[in-house]
Each structure stands twice: as C-alpha cells, then as structure tokens.
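Structure, as structure tokens:
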Amino acid sequence: MDLPPSYADTPTLLVKIFGKDRPGITAGLFDTLAAFAVDVVDIEQLVTRGRITLCALVTSPSTGTGTEGELRATVHSWAESVGMEAEIISGVGDNRPRGTGRSHVTVLGHPLTAESTAAIAASITSTGGNIDRIFRLAKYPVLAVEFDVSGPPTAHLRTSLALEAARYGVDVAVVASGLQRRAQRLVVMDVDSTLIQDEVIEMFAAHAGCEAEVAEVTARAMRGELDFEQSLHARVELLAGLDASVVDKVREEVRLTPGARTLVRTLKRLGFQVGVVSGGFTQVTDALQEELGLDFASANTLEIVDGKLTGRVVGEVVDRAGKARLLRRFAAEAGVPLAQTVAIGDGANDLDMLNAAGLGVAFNAKPLVREAAHTSVNVPFLDTVLYLLGITREEVEAADIEDSMEGADGLLGEDGPRGGDGSRDGDAPRSASGEDSSAPAPA
Ligand SMILES: [Mg+2]
C-alpha cells in the first residue's frame, strides 16, 4: 500500500458552510466538490441549536477539472440554493500539528457563566496554552465542557486554573492527555459523604443518643486534627451496649449520593472494576457492595456479641494509610497498574489514597483535601466524575436506553437506569422532572 499523501506544500481550500441544519448538507457539499476531483484533507462538523457549521479542508482543484474560481462559484451557488452561507479561504497545507504538553481541562459549571468562561480561557492563555478544541460533555446535572489544551505542562495549567476555579465557584479538572486516560480501569471510592450522603457512625450515634459527642470527634478527625484510629475507637466506644437490630435500621436509612448509581452502572458497563474503602463499617458497606454490584469493599467491622454492640471494632483498622493500602491491593487483584486507577473521597483520611491513585478526585471535600488532590468536584453529583474521564452524558444515556431495551426484566426494576428508587439516589428525578428535555425517553 502507498504511504498516505502528505499535503504539506499542497495548495488547499478551507470551505466553511453555515446555516440551518437539515439532512443532506454534507452530502450536498461533497457532491458539489466531487466535480473538481479534490481530495479531503480534514472535515469537522458541529451543530449548535439547529445550526450546522461544516468545515472541509480540501486540495485545490487539479488541472483539467476546473479552476479554483469555478469551484468557488459552484460552491457558492450550491450553498445559496440550499439557503446556507459559504466561505472559502485559500491557503497551503494541512492543519498545524497540535503542540506538545496536551491536557484535558474539564469545567463543571452550575451554571457556567460567560464571566467564568472568560477567566478560564484567559488563564489558559496566560500559561502559554492554546485551546485546540472545545466541546460540551454534558448539560445534566451540571454543564460540563471540555477544553483540549496544548502547550504548558499539565501541573502548571492545573495550578493556574485552580485559582480561577476557586474565584468563580466552578470546578476545573486538569488531566494529562494520552492513552492513560482511556486506560483507567479501577475506581475506588470512599463511602461516608462520598458514595453515600451520610456519616454512618453518626447514624449509629443518633440511635445511641450520643450524636453530638460523636459528630464532634468525626469533624475533628476529618479536619486532620485527630488521628483517625484513635478517633474511631473513641467513637465506637460510645456505641457500646447498642442493640444489634440498629444495624438494619441504619442500613435502611443510608442515602446514596445523587448520581451514585449512574456512576457505578456506567463504569461497570465500560469494563471498570469498582470498589469502596471505608473507615465506616462492613455492616453497611457489605450491603452497598451487594446492592451496587461492587467488585471490592473493605471497611471496619463493629463487634457484636450477644446481640449488642460491644463498642469495639474487630480486626485491622481501615484508616488513612489503610485506605491507600487497600487501593494498592485492589489494583493488584484487578491486575491494574496504580497509574490507571481513580480514587474518590472527601476526607483527610482519603488523602493518601487520592495521591496514590492515577487520578485522585476530592469530592465536595474540605479545603485541606481539595488543595492536596489532583482534581476536585464541588457539585453534589457523583456521576460528574464520569465527565472527568471524558465520558459524555449522551453516552451514559444511550447505554441506559440500550440496556433497558435489551433486558427489560431486570433493569427497569428496583435498580432501573432511570426509574430507580428515587428516594435513595438522585439519578431518578432526572426523568421525572424533565430537566433534560432533549434526552430521548426510555423505551
Ligand atoms: Mg468520607
């Protein structure tokens, strides 16, 4: 086979068509160009609110098929006949290759204002970055836009954008471009205030009537003021004598974070392994593992003797170092290099795990954790993490619809993709409220 042609020194024409989108525009343009026997060097098309912008980079007509002037006249006349605007710019060669130092900048806005967009774009420019491509990943539950940037080192860009993000109250995640991002294969999450909205020990404490004492110790531990293990023992001690039936009550009361089911379901479909590590208790995480079909789960176990909590935990304590250790263990068991893991958490005891992972996401975290993590998400929807991995809402919803058509019996039930148990996962209201009016309805 011949090498593909190089168009480096070839005269080329950039043909831009803009107007109301309708079927047949692309076919019509290329049919018109075909009369001049030109080669296609590049094509980009996008449709925004029913308006199409179609750009074709083609070689100039070769002798014998017509002149450039004739091509221009023919394209303009075709465009006019279909009510489109055409612009044709002469030049030489292909697009300049993208610069090195490529990063994906994901911006989550709730809403995304013109002012914050201007600040983000200016900040990219000030670091010497070039915005090569912009596209919308999602409009639900937040507006997610990805900027593909080349130029500055990813870390430099991240530091610069973190300042603007904080100033404008948007989430900006910067990750290095490349195959690594597509190769991520294991996601490990913290449980309390990450996968679920609650702090489980506080729920037990409420049943034991020592809520205030426990909450205070929890807050201090999460701020990094107390050693986690000591604080765990101190808090569990307060639960001594509590009837074991409370375990079932707490399990019932646990509320998944909005988007949790969508996140796990989508990751599983993509072939990811998903796990949780928790400084909380297996009495709750085992149920979550079962319910969500998680591949891994590890937590502390409350000791129960003669139907009562003893106020002690059994076995090795899952603390800050333990969480990072478990991430490594899960990765080894899954056969996934650490660089291809994603960790999500909100507390100081998640920091080692967040830093050990290929991508650490601070989820609605305390400032201390947010500043130390690679990226942070500060909107209360767990499925927005998908956007940081470059997965679009459209892909998520298309997969949901496909599955609901294939396996009508299982998936539309309790754990259905959209109908779901709305009281426990914020995924469900999406379809009910009609917020995402453009989304096709499930079959
Ligand atoms: Mg937590």
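Even glycines carry a Cβ here, placed using N, Cα and C.
Per TrEMBL, domain 'ACT' is recorded for 14-94.
Secondary structure at D190 (active site, nucleophile), as computed by DSSP, is coil. D190 (active site, nucleophile) has a Cβ environment of 25 other Cβ atoms inside 10 Å. Residues or ranges marked as active site, nucleophile by TrEMBL: D190.
Look at TrEMBL and you will find D192 tagged as active site, proton donor. Around the Cβ of D192 (active site, proton donor), a 10 Å sphere holds 27 further Cβ atoms from the protein chains shown.
The region 'Disordered' feature in TrEMBL is assigned to 400-443.
The feature compositional bias 'Basic and acidic residues' is assigned by TrEMBL to 415-428.
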